[in-house]
Amino acid sequence: MAEYDHYEDNGFNSFNDSSQEEHQDFLQFSKVFLPCMYLVVFVCGLVGNSLVLVISIFYHKLQSLTDVFLVNLPLADLVFVCTLPFWAYAGIHEWIFGQVMCKTLLGIYTINFYTSMLILTCITVDRFIVVVKATKAYNQQAKKMTWGKVICLLIWVISLLVSLPQIIYGNVFNLDKLICGYHDEEISTVVLATQMTLGFFLPLLAMIVCYSVIIKTLLHAGGFQKHRSLKIIFLVMAVFLLTQTPFNLVKLIRSTHWEYYAMTSFHYTIIVTEAIAYLRACLNPVLYAFVSLKFRKNFWKLVKDIGCLPYLGVSHQWKSSEDNSKTFSASHNVEATSMFQL
């Protein structure tokens with residue numbers, strides 16, 4: 001949703017004609033840029049997360065705690081991106097879907113945002129346990145699977161509870177056009193604090209602590225697996241920092257009511273960093289599923305089953321993959337305690 005909508009009048013109402021002209025230019029830019037980005041994220045997120053869900057449910061037996069998380073993560077991201085077409089339309093025109101849909105979509109949007117971030121945190125902690133406490137983790141897989149399902153249920157419940165302010169106070173109001181949001185300073189402060197804590201600082205802290213120990217552990221290991229795992233760790237950290245840090249920093253600056261907030265350039269920064277932050281819903285399937293050898297193998301099974309292999313010209317690759325299945329099976333026990341089950 002367009003974060004700037006709730007505040008767009010605050011920074012411009014008292015400005016001169018020149019500033020009003022800049023404001024109109026900004027509105028024109030936002031009407032094109034944000035809806036286009038929303039639709040790109042929607043299409044890519046819909047395809048990527050749907051693939052992960054289909055493969056996880058129909059082609060992959062849940063064998064580890066990470067598998068449980070990797071069913072819930074694309075589900076949360078998938079529902080999240082399905083709200084974006086509504087915000088895209090509202091960005092171009094105005095909110096026409098009524099108050100009930102406003103509260104519903106705000107709730108869905110927020111619940112799945114928190115769920116996605118909390119599951120990312122759990123995946124990070126699980127990887128820490130798998131790598132650093134490999135033997136113990138392998139011996140307690142059955143118990144961890146049960147706990148994983150309980151944890152995922154708790155995550156959805158917690159996400160619902162912390163989303164209640166948006167659901168209760170979300171409303172349709174008029175700021176030059178009809179907008180769906182919440183226009184209460186206290187509620188905005190509570191929402192910001194919750195989003196920053198659960199949606200940024202908690203997963204960031206988990207990544208810093210857990211991945212630091214994981215890297216130290218892997219550096220004492222050897223072979224190809226170590227180097228591959230280290231590359232993926234740095235990629236995960238880089239993507240999270242590059243996509244989430246700018247937007248959260250902008251939200252912090254906006255909450256201080258610093259004078260720079262009233263400048264037109266800051267409003268451009270808000271919507272650009274927001275669009276970048278939403279890219280996580282497209283990148284999560286790549287970072288947390290497609291890096292897995294097992295997942296890629298099941299992906300080609302899906303492609304074969306729907307009859308696309310001849311058209312893609314990959315029948316040779318599929319045959320090669322089938323020939324290597326014994327090698328894959330032989331290495332399964334090693335993968336069970338590896339960094340990303342690669």
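Heads up, the Cβ atoms here are built off N, Cα and C, so glycines get one too.
According to Swiss-Prot, the feature topological domain 'Extracellular' maps to 1-32 (among others), an assignment based on sequence analysis. Taken as a whole, the topological domain 'Extracellular' (1-32) shows an average pLDDT of 64 in this prediction.
Taken from Swiss-Prot, the feature N-linked glycosylation site applies to ASN16.
The feature transmembrane segment is assigned by Swiss-Prot to 33-59 (among others).
Annotated topological domain 'Cytoplasmic' per Swiss-Prot: 60-68 (among others), in sequence order, evidence recorded as sequence analysis.
Per Swiss-Prot, the feature transmembrane segment maps to 69-89 (among others).
The topological domain 'Extracellular' annotation in Swiss-Prot covers 90-103 (among others), and the record cites sequence analysis as its basis.
According to DSSP, CYS102 (disulfide bond) sits within a helical segment. Counting only same-chain residues six or more apart in sequence, the Cβ atoms lying under 8 angstroms from the Cβ of CYS102 (disulfide bond) belong to TRP95, GLY170, ASN171, VAL172, CYS180. The disulfide bond feature in Swiss-Prot is assigned to CYS102-CYS180; the stated evidence is sequence analysis.
Tertiary neighbourhood of the transmembrane segment (104-125): same-chain residues 1, 66, 69-70, 72-73, 76-77, 79-80, 82-83, 86-87, 97, 151-152, 155-156, 158-160, 162-163, 166-167, 170, 180-182, 195, 198-200, 202-203, 206-207, 210-211, 240, 280-281, 284, 288, selected by CB-CB distance under 8 Å and a gap of 6+ residues from either end. Annotated transmembrane segment per Swiss-Prot: 104-125 (among others), in sequence order, evidence recorded as sequence analysis.
The annotation topological domain 'Cytoplasmic' is assigned in Swiss-Prot to 126-143 (among others) on the grounds of sequence analysis.
The transmembrane segment annotation in Swiss-Prot covers 144-164 (among others), and the record cites sequence analysis as its basis. Sequence-distant contacts of the transmembrane segment (144-164) (same chain, at least 6 residues past either end, Cβ-Cβ under 8 Å): 62, 64-65, 68-69, 72, 107, 110-115, 118-119, 122, 126, 137, 194, 198.
Per Swiss-Prot, the feature topological domain 'Extracellular' maps to 165-187 (among others); the stated evidence is sequence analysis. For the topological domain 'Extracellular' (165-187), the number of residues in each DSSP class (helix H, G, I; strand E, B; coil) is 8 helix, 8 strand, 7 coil.
The transmembrane segment feature in Swiss-Prot is assigned to 188-215 (among others). Sequence-distant contacts of the transmembrane segment (188-215) (same chain, six or more residues past either end, CB-CB distance under 8 Å): 6, 113-114, 117-118, 120-121, 124-125, 127-128, 131-132, 162, 165-166, 182, 229-230, 233, 236-237, 240-241, 244-245, 248, 251-252, 255, 339.
As annotated by Swiss-Prot, topological domain 'Cytoplasmic' applies to 216-231 (among others), with the evidence given as sequence analysis.
Among the features that Swiss-Prot reports, transmembrane segment is placed at 232-259 (among others). If one looks beyond the transmembrane segment (232-259) by at least 6 residues along the same chain, the residues whose Cβ comes under 8 Å of a Cβ in the stretch are 3, 7, 120, 189, 192, 195-196, 199-200, 203-204, 207, 211, 214-215, 266, 269-270, 273-274, 276-277, 279-280, 283, 287, 291, 339-340, 342.
Positions annotated as topological domain 'Extracellular' by Swiss-Prot: 260-275 (among others).
Residues or ranges marked as transmembrane segment by Swiss-Prot on the basis of sequence analysis: 276-293 (among others). Long-range contacts of the transmembrane segment (276-293) within its own chain (CB-CB distance under 8 A, at least 6 residues past either end) are made by residues 37-38, 40-41, 44-45, 48-49, 51-52, 55-56, 70, 73-74, 77, 80-81, 84, 116, 120, 123, 232, 235-236, 239-240, 242-244, 246-248, 299, 328, 335, 340-342.
Long-range contacts of the topological domain 'Extracellular' (90-103) within the same chain: residues 2, 30-31, 34-35, 38, 167-168, 170-172, 177-180, each at least 6 residues beyond the stretch ends and with a Cβ under 8 Å from a Cβ of the stretch.
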